[in-house]
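Engineer: Got a structure here, written out as C-alpha cells. Questions coming.
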Amino acid sequence: MKAPLITMNDGHQIPAVGLGTYQIRGGEGLDQILTAIQDGYRLLDTSTNYDSEGIVGEAIRRSGIPRSEFFVTTKLPGKYHHYEDALTMIQESLFRMGLDYFDLYLIHWPLPKRGLYVEAWKAMVTAQKLGLIRSIGVSNFEPEHLDKIIDETGVTPAINQIEIHPYWVQERMVKANQERGILTEAWSPLGRGSDALKEAVITELAEKYGKTTAQVILRWHAQRGIIPIPKSRNLQHQRENLAIFDFELTQTEIERINLLEKADGRIEGQDPNEYEEFD
C-alpha cells in the first residue's frame, strides 16, 4: 500500500503520509525503517537533530528500491542559520545519508530572537538552484516568519511542518499556510504522550468505521489537507498508519474532533516565537 500523492506549489509531488524517524536509531531502527519501506512508505522524514539521517540513507540503499521512488526530508539545525553554515550543513547531511539530493529540506525552527532565518532561507534557495534540494520549506514558522522570507526572497516555501493533533488543532496556521499556497505537514500528529487516542469521540468513530483510534486521527488530518508524519516503532502500527484512505469522516465528525482542542495543547509548550532550539 502506498499513500496518494499531493502536488506542492513548485510542481513536485509528495506522499500524503510520511514516516517520522525521531529517536529511531541503531540496527533495530534500521530494521523498522526497512519494514516500513516494504509496507509502502516512501516519504521518510528525518533531521540532523534526530541522529537518524545515516540509518534512513542506509535503509534506502538496502531496500533495493530506486532512489527516485523515495521522498526524503531533512532539516537544518538552529546553530547553522548563517548562510555559509547552512550550505555546508546541507552538503554534510547529503554525505551522511549517501544521497545526491534531498526531495525536501526544511528550516527546523525560525528562532526569531537570533534573527537569521532569512539568511538560512537564502542559502536553501541557492542549494535548490545547485540541484542539492528539489523543494524547500520550513517548520514551526508563524505567519510573520513566512511573510518575511517570502518578501525578502520572492520564494514561497512548499511546506510548513508544524505541531498538529486533536489537542492543538492549529486552524489559524493551517489557514495561513493555505492562503500563501503552502502545504501543511503535521509533526506529532497523534499527540505524542497525550490522551488524544483515548478520547471518547475518537474511540466512538474508530468503532463506527472499524478502524483504530490512530487511523481516525490520521484521517482527520488528511481530510483537513494536512500531511501527517506519524512515528511508530511498532510494525503493525506502521501498516495501520498508512491504511487511512479507504474511509471518510463527515464534516460534523471532523468538527467534533476539532472541539478537543485545549487552550495551549502543545506537547512541550514550544512556542515558535520563544523557543530556543538546543545547540
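The backbone N, Cα and C atoms fix where each Cβ goes, and this holds for glycine too.
For reference, TrEMBL lists these features for the protein:
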ACT_SITE  Tyr50  active site, proton donor
BINDING   His108  substrate binding site
DOMAIN    17-258  domain 'NADP-dependent oxidoreductase'
SITE      Lys75  site 'Lowers pKa of active site Tyr'
Engineer: So of Lys75, His108, which of the recorded positions has the fewest other Cβ atoms within 10 Å around its own Cβ?
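Structural biologist: Output over recorded positions Lys75, His108: least Cβ neighbours within 10 Å is His108.
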Engineer: Between Tyr50 (active site, proton donor) and Lys75 (site 'Lowers pKa of active site Tyr'), find the distance joining the two CA atoms and give it rounded to the nearest Å.
Structural biologist: 9
Engineer: For the domain 'NADP-dependent oxidoreductase' (17-258), would you mind checking the mean pLDDT of the predicted model?
Structural biologist: 97
Engineer: Do you know offhand how many angstrom separate His108 (substrate binding site) and Lys75 (site 'Lowers pKa of active site Tyr') by C-alpha?
Structural biologist: 5
Engineer: Where does His108 (substrate binding site) sit in the DSSP three-state scheme?
Structural biologist: coil
Engineer: According to DSSP, does the residue listed as 'active site, proton donor' sit in a helix, a strand, or coil?
Structural biologist: helix
Engineer: What does DSSP call Lys75 (site 'Lowers pKa of active site Tyr') in the simple three-state scheme?
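Structural biologist: DSSP call for Lys75 (site 'Lowers pKa of active site Tyr'): strand.
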